[in-house]
Amino acid sequence: MDQDSKKQAVADAALAYLRPKLESDTIVGIGTGSTANRFIDGLAGLKGSIGGTVASSEASAERLRAHGIPVYDLNSVDRVAFYVDGADEANAQLQLIKGGGGALTREKIVAAAADEFLCIADDSKLVRTLGEFPLPVEVIPMARGYVARELVRLGGDPVYREGVVTDNGNIILDVYRFPLAQPLAMEETLNNLTGLVCSGLFARRPADRLFLAGDDGVRELEAG
Ligand SMILES: O=C[C@H](O)[C@H](O)[C@H](O)COP(=O)(O)O
């Protein structure tokens, strides 16, 4: 299976998992990226069976609306039953690195608000230890130099993602060679860095279920 077919296969698997659980008032949180896009396209066939969606980026909101799928502001919904999104890396505990597409902050917010987080990815994303993929962090523009120096102090090698402004008006630093053997502790350390809005490390809120596509088909991994 090529990578595109794998993305399609996990999107289909997530839809098949959700279909019997959806009710007319169910709100589904929607991630960002090429795998999430496959899910959005498939969700179009179920748009009459759900209450609507909350999107983690302007790009996903636009794609959802183009399909005629209702998109709500997170503040206007009481409950997000599911959040479905891709990842850049996942470990066996279903802790993730996300943000390759720059949408990490809103993704983390919608994931935090959701009852159940379904991650969809191809098997190249499953790693023993997180950190081969450079960790994206969203930073307030005026804090760029300060935060970069702090990240170096923590053992990383931050690189400014040129020309990228997030949906929140901030910049992204991609941190190479970051020591992520203790993801929870590092996420907490990053959360305490002034000027750093959000890291792409999803350790405190890992996925609940990972649909992983390989050459032999899709398998499901559960947290814990
Ligand atoms: O900001 C982007 C997101 O975290 C994506 O979920 C992640 O980069 C994976 O994207 P893709 O499905 O395109 O590999």
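Keep in mind that glycine also has a Cβ here, set from the backbone N, Cα and C atoms.
In the three-state DSSP scheme, Glu107 (active site, proton acceptor) is classed as helix. The annotation active site, proton acceptor is assigned in TrEMBL to Glu107.
The secondary structure of Ser34 (substrate binding site), as reduced to three states from DSSP, is helical. Feature annotation from TrEMBL assigns substrate binding site to Thr32, Gly33, Ser34, Thr35, Asp85, Gly86, Ala87, Asp88, Lys98, Gly99, Gly100, Gly101, Lys125.
Across the annotated binding residues for substrate (Thr32, Gly33, Ser34, Thr35, Asp85, Gly86, Ala87, Asp88, Lys98, Gly99, Gly100, Gly101, Lys125), the two most widely spaced Cα atoms sit 16 Å apart.
The substrate site, placed at the center of the C-beta atoms of Thr32, Gly33, Ser34, Thr35, Asp85, Gly86, Ala87, Asp88, Lys98, Gly99, Gly100, Gly101, Lys125, has further neighbours from the same chain whose C-beta lies within 8 angstroms: Gly31, Ala36, Ala103, Ala121. With all protein chains in the displayed structure included, the most crowded Cβ environment within 10 Å among the recorded positions Asp85, Glu107 is that of Glu107.
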